[in-house]
Number of protein chains: 2
Amino acid sequence: MDERTALRMLADALPAAGDDAAVVEDLVVTTDMLHETTDFPAGTTRYTAGWRAVGASLSDVAAMGVPAVAAVAAYAAPRFDEGELVDFVRGAQDVAERVDAAYVGGDLDHHEEFTVATTAIGRRGDHDPVLRSGATPGDVVCVTGSLGRSAAGLRAFEAGDPDRGNDLFRFTPRVGAGERLAAHATAMMDSSDGLARSLHQLAEASECGFAVDADRVPLTEELTSTVDAAEAWDLGVYFGEDFELVCTLPERAVDDATAALSDCEVSLTRVGRVVDAESGVTVDDDPLPDRGYTHGSE
Amino acid sequence: MDERTALRMLADALPAAGDDAAVVEDLVVTTDMLHETTDFPAGTTRYTAGWRAVGASLSDVAAMGVPAVAAVAAYAAPRFDEGELVDFVRGAQDVAERVDAAYVGGDLDHHEEFTVATTAIGRRGDHDPVLRSGATPGDVVCVTGSLGRSAAGLRAFEAGDPDRGNDLFRFTPRVGAGERLAAHATAMMDSSDGLARSLHQLAEASECGFAVDADRVPLTEELTSTVDAAEAWDLGVYFGEDFELVCTLPERAVDDATAALSDCEVSLTRVGRVVDAESGVTVDDDPLPDRGYTHGSE
């Protein structure tokens, strides 16, 4: 059973699961496990690992459109080096502070492979949590920021430029943007599985389709400046591991949402429209494959 | 750096950490990572693993004396077997239900070794969270239930009786008892590191000592019926991995607390007194070593 099938099975067994975070009373809760071989390329500092691991869970809170309250992490390594632990904690604290959440520690465990499990908690603010399931044909679909930052980071690590790789691997979770979008969005999730897969997941949850305009998809300059256009598209749309928000909202709300996001210095780009489920997920009228970075098949 | 030194360093760096759970606003949050080689003996079913892993985090919520709200788990294994996953989720759901909390799913990850990271969240009810730091000389120190259940379970696994091992490895987190004790307790923690280490940790946090009466320490009949008295003492007091509560409370409150706990069918046993820090932690006037099951030194 691959990871997607297993996740779907779990979503069926657990009514609160299946979105970016589970909703319990007025809280949202999300947990993630990352480890060295799949998530932290050689050269990733512990500071970046702490930032990125805690940031990934905070991104799931952002995708629910609610304020983040707190995050914890369980840190497992073959041995505990004081400098590494301090760096990890600093990274975790810094990313949490960036979104006004508290990093409040966690657990330590001995493990052959460096492994981090993070949990973040958010709490309903002015708006109900935004689920994946509310997109309606006629809505527009938008993306915050730009795509491909993590792919560019991975390329930098591979090219022997860990400073640049570490910079690109640290991102600001879109918590502020998510809260502002919650006033308008009909459905939302983060882009951690890649834009293509995110759209397919939104399509499945909302029983709709999407028509994307390729030219409108915002690929990060960090990527387009280093690889050709076809590769930039592939990495930006399929690779994932970015932590932008993908959301749908009524046409009439786009200007207000864009203005609200500019307050927190996040851009919002309209990349296409919500269409009927029968039309599927397309880009410039061709099918957009439901393909991405499935951990289970790596 | 061993695990205890590292945990102490983290507690210094993170003011909210260092207790059984971190306190954030009206919430308490705790996370744990367990894995096959150190926490799940051969023969442990996935149902038991789900129960025990989620139960361990719920026990930390219990130790804060507040109601449990929710738990999540990240499940990592070399492959996802549907039956195993379903069993794990059922165990997680059942232990959460036992304490009126919601198990709301989590994350999946591929990992060489079966590893589970769990997080539980509690919320302030009628009383403030009970910390480790409030014990005062003159208080009495009590233990819920009896000690040695996990050691007896491990023995059963080793003796080739996995049914009995699995039974003993599943426990009811003392959430109800913790809530009731919060009305009276001056300090509290769970016994997951063993009674001896728990007392030393309470002594350090509260700047006090303890005088324990050996005869009063409640060792589980599951243990005393299978090993001799000296070994039962060692396993019951030092082995840990039990999830009872160790708390201090004023002498005058003991009867009320005992009556309150009998409502939820949990016994409360007075095992000694809180004394001055200079007197240290003793059992029948001999020093009780600060020794236990330190994961880092296994």
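A Cβ is built for glycine as well, from the same backbone N, Cα and C atoms used for every other residue.
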Point to revise | Co-listed Mg(2+) 3-binding residue [TrEMBL; alongside A:Asp60, A:Asp190] among A:Asp19, A:Asp20, A:Asp100, A:Asp234 | key: A:Asp20
Exercise for review: Filter the binding-site residues A:Thr31, A:Asp32, A:Asp39, A:Asp60, A:Asp107, A:Glu241 down to those whose C-alpha lies within 10 angstroms of the C-alpha of A:Ser192 (ATP binding site); answer none if the list is empty.
Suggested key: A:Asp60, A:Glu241
Review point. Which ones, of the binding-site residues A:Thr31, A:Asp39, A:Asp107, A:Arg132, A:Asp193, have a Cα no more than 10 Å from the Cα of A:Asp60 (Mg(2+) 4 binding site)?
Key: A:Thr31
Point to revise | Set of same-chain residues at least 6 away whose C-beta sits under 8 angstroms from A:Thr30 (Mg(2+) 4 binding site) | key: A:Asp20, A:Ala21, A:Ala22, A:Ser57, A:Asp60, A:Val61, A:Thr119, A:Ala120
Exercise for review: Kindly state the mean pLDDT of the domain 'PurM-like C-terminal' (A:137-281) in the predicted structure.
Suggested key: 97
Review point. If you count Cβ atoms within 10 Å of each one, which of the binding-site residues A:Asp39, A:Asp190 comes out on top?
Key: A:Asp190
Point to revise | Candidates A:Asp32, A:Asp39, A:Gly106, A:Asp107, A:Arg132 (binding-site residues) - the one closest to A:Asp190 (Mg(2+) 3 binding site) by CA | key: A:Arg132
Check your understanding: From the Cα of A:Asp39 (substrate binding site) across to the Cα of A:Asp32 (Mg(2+) 1 binding site), what is the distance in angstrom?
Key -> 12
Check your understanding: Per residue, counting other C-beta atoms within 10 angstroms of the C-beta, which of the binding-site residues A:Thr31, A:Ser192 reaches the highest number?
Key -> A:Thr31
